[in-house]
Amino acid sequence: MCIVSLDKRKDTGVPDQVPDITFPLNLCLGGMCPHHPPVALGLECDLAQHLAGQHLAKALVVKALKAFVWNPAPTKPLVLSLHGWTGTGKSYVSSLLAHYLFQGGLRSPRVHHFSPVIHFPHPSHIKRYKKDLKSWVQGNLTACGRSLFLFDEMDKMPPGLMEVLRPFLGSSWVVYGTNYRKAIFIFISNTGGEQINQVALEAWRSRRDREEILLQELEPVITRAVLDNPLHGFSRSGIMEERLLDAVVPFFPLQRHHVRHCVFNELAQLGLEPRDEVVQAVLDSTTFFPEYEQLFSSNGCKTVASRIAFFL
C-alpha cells in the first residue's frame with residue numbers, strides 16, 4: 001500500500017531564475033555534495049497513484065533508478081530519454097525524480113534544467129552554446145558529481161549541440177579531470193510520439209490491451225524517428241548511435257478514462273470532492289483523436305488544471 005504522496009503542483013515548470021550557463025556554480029549546497037536519499041518507495045507510490053496510462057514508463061524509470069542509486073560505484077551516468085505526445089507525463093516524471101533525489105526538487109542548485117527557447121534560442125550561436133554548455137556541465141560536475149541535467153524539448157534543440165555531452169555519457173572513469181559517473185541526464189522529446197500513438201491505436205483496433213505492448217515493439221520505431229529527424233537535438237551527436245542511452249522511455253497517448261483519472265487527481269490536490277458535473281464538463285471540453293475513433297486526448301492531461309478552474 002502506498003503511503004507516500006506528493007503534491008504534483010510542486011516543483012513543476014522552469015525555475016523563476018534559469019541559470020546563465022556561462023557562469024558555472026563552483027560549490028555544492030552547504031559545502032558538501034549531497035547523497036541521493038532512498039527514493040524507490042516514494043517514487044513508485046507516486047507514479048502508481050498519479051501517472052495515468054504509462055505502464056512502461058513506470059516500470060522502466062523505477063527499475064533504472066533503483067539500479068543506479070543503489071550502486072555505490074556506477075560505471076557510467078544514468079541517461080534516460082523520454083518520448084511521447086504532449087501532456088502524457090514526461091515533465092511530471094522528471095519533476096518527481098528531481099523531488100525524490102534532491103532537496104528542493106527542480107529548484108535545487110544540483111538540478112540544471114535547460115530549455116532550447118530560453119538557453120539556446122539562436123541556431124547561429126551554436127559554437128558559443130557548445131562552449132558554454134560544456135563549461136556548465138564540466139564545472140558543476142567538478143563541484144558535485146551527484147547532479148541532474150534535464151534537457152527539455154529535444155526536438156527543438158539546435159542539431160549538433162548535444163555532441164559536447166557525448167564524452168560525459170559513456171563509461172570512462174574520468175572525463176576532463178571530472179568524476180562524473182553519479183550524474184543523471186534526462187532528455188525529453190515529443191519525437192516518436194506519433195509512432196507510439198500508432199502502435200497504441202493498432203493495439204486498440206485489434207482488441208489488445210495497451211498493457212500488453214512491449215518495449216521491444218516501441219524502441220526501434222522511436223529510435224528510427226529520432227535518427228530520421230535532422231532537426232532533433234540528438235542529430236549529429238552520436239549519442240543514439242553509440243548506445244549511450246540507458247533507456248528509451250515511451251509515453252502512451254491518454255484515453256478518456258486516463259483523463260478522468262487526472263481530473264480526480266487534480267481535484268484531490270485542490271482539496272475538493274469530485275463532482276460529476278465538473279468531471280464531465282472537463283471531459284466534454286477535451287479534444288480527442290483520431291477523427292472517427294475519438295480515442296486519445298490531443299493534449300493528454302496538460303490542460304486539465306486550467307479546465308477545472310474554468311468549470312468550478
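Even glycines carry a Cβ here, placed using N, Cα and C.
In TrEMBL this protein carries:
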- GLY84, TRP85, THR86, GLY87, THR88, GLY89, LYS90, SER91: ATP binding site (BINDING)
- 76-218: domain 'AAA+ ATPase' (DOMAIN)
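Here the binding-site residues are GLY87, GLY89, and the one with the most other Cβ atoms within 10 Å of its Cβ is GLY89. Excluding GLY84, TRP85, THR86, GLY87, THR88, GLY89, LYS90, SER91, which define the ATP site, the same chain contributes ASN190, GLY193, PHE251, GLY300, LYS302 within 8 Å (Cβ to the Cβ centroid), listed in sequence order.
Under DSSP, residues within the domain 'AAA+ ATPase' (76-218) fall into helix, strand and coil as 72 helix, 23 strand, 48 coil.
In sequence order, LYS90, ASN190, GLY192, GLY193, ILE196, PRO250, PHE251, PHE252, PRO253 constitute the residues six or more apart from GLY84 (ATP binding site) in its chain with CB-CB distances below 8 Å. Each of the binding-site residues THR88, SER91 was scored by other CB atoms within 10 A of its CB, and the lowest score goes to SER91. Spatially close to THR86 (ATP binding site) yet at least six residues away along the chain are ASN190, GLY193, ASN299, GLY300, LYS302, judged by Cβ distances under 8 angstroms.
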